[in-house]
Amino acid sequence: MALSNLKSNRTLSSSLITIFIISLFLQYHNIKSQSSWQSRQVPRSETVAFSITEFEKENPDIFLRGDTSISDGILRLTKTDQSGKPLPNTVGRATYLTPIHIWDKTSGELADFSTSFSFIVNTNDSDLHGDGFAFYLGPLHFDVPKNSSGGYLGLFDPENAFPPSKTPILAIEFDGFTNEWDPPSSFQSPHIGIDVGSIVSLEYAQWPINFVPRNALGEANINYNSESKRLSVFVAYPGTQWNSTRVSVVVDLRSVLPEWVRIGFSATTGELVETHDIINWSFESAL
């Protein structure tokens, strides 16, 4: 009898230990899962960094709106037909969902940031094409405005696009069509422009899209230095005869943007068309 009780006690103790270990295991994974969920729900940080070498259709970090789609690992900002021919009057946007802390209200400090991406804009060998695309920083809740197709690049509408109106948007535009508010010189059209609070570029430089081979790969690098407050843009077409295009401006982001922003791409076509494809994208910011 004593031996039987001893075996029963050992079995019971072993079972209790097993249950305890399983309980700890489940509790650990529950906490880990909960922590992961909470961080996903509130993904705010002083530093953000990512690198996308190929776009995935089910990427939870990228939110697509309008006519933007992902196919064959490419982010296609505006609509095309089945043969890849661009369609008129389309508007598309892709937003990276994690908020970016671009400046701090308490300390007054500004963030440094840099981003790079490769892109292809196919003009179908026509000098008449449009409208363009832009990399932008904007408010957390920034919907696509109504009447923002064509030259408004899906970022502005006719009521808030021009000075003295100051929309809380910073954009680097790749503008393929000359509107009445664009640089007057034919040398500067198409152009790469820095838009600070309006669709009228504060600074701009020539975009050689009409002179590079069809489907040429462009590479853009955009950097912001918090000490000098200088935003610098470098665009090149490797393997072609064109040197890099450079444009920069001094801008205090505290006077333009809210503390927290989201980043992304926006693009449009009008009656004239072109493709707007982003091949890869990386970004890094630190406050």
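Cβ coordinates are placed from backbone N, Cα and C, and glycine is handled just like the others.
According to Swiss-Prot:
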{"type": "TOPO_DOM", "residues": "1-11", "note": "topological domain 'Cytoplasmic'"}
{"type": "TRANSMEM", "residues": "12-31", "note": "transmembrane segment"}
{"type": "TOPO_DOM", "residues": "32-287", "note": "topological domain 'Extracellular'"}
{"type": "CARBOHYD", "residues": "Asn124", "note": "N-linked glycosylation site"}
{"type": "CARBOHYD", "residues": "Asn147", "note": "N-linked glycosylation site"}
{"type": "CARBOHYD", "residues": "Asn243", "note": "N-linked glycosylation site"}
{"type": "CARBOHYD", "residues": "Asn280", "note": "N-linked glycosylation site"}
Between Asn147 (N-linked glycosylation site) and Asn124 (N-linked glycosylation site), the C-alpha gap once rounded to whole angstrom: 26
List of residues, in chain order, with Cβ under 8 A from that of Asn124 (N-linked glycosylation site) and at least 6 apart: Lys85, Pro86, Arg214, Val273, Glu274
Overall pLDDT for the topological domain 'Extracellular' (32-287), taken as the rounded mean: 90
Cβ neighbour count within 10 Å of Asn243 (N-linked glycosylation site): 9
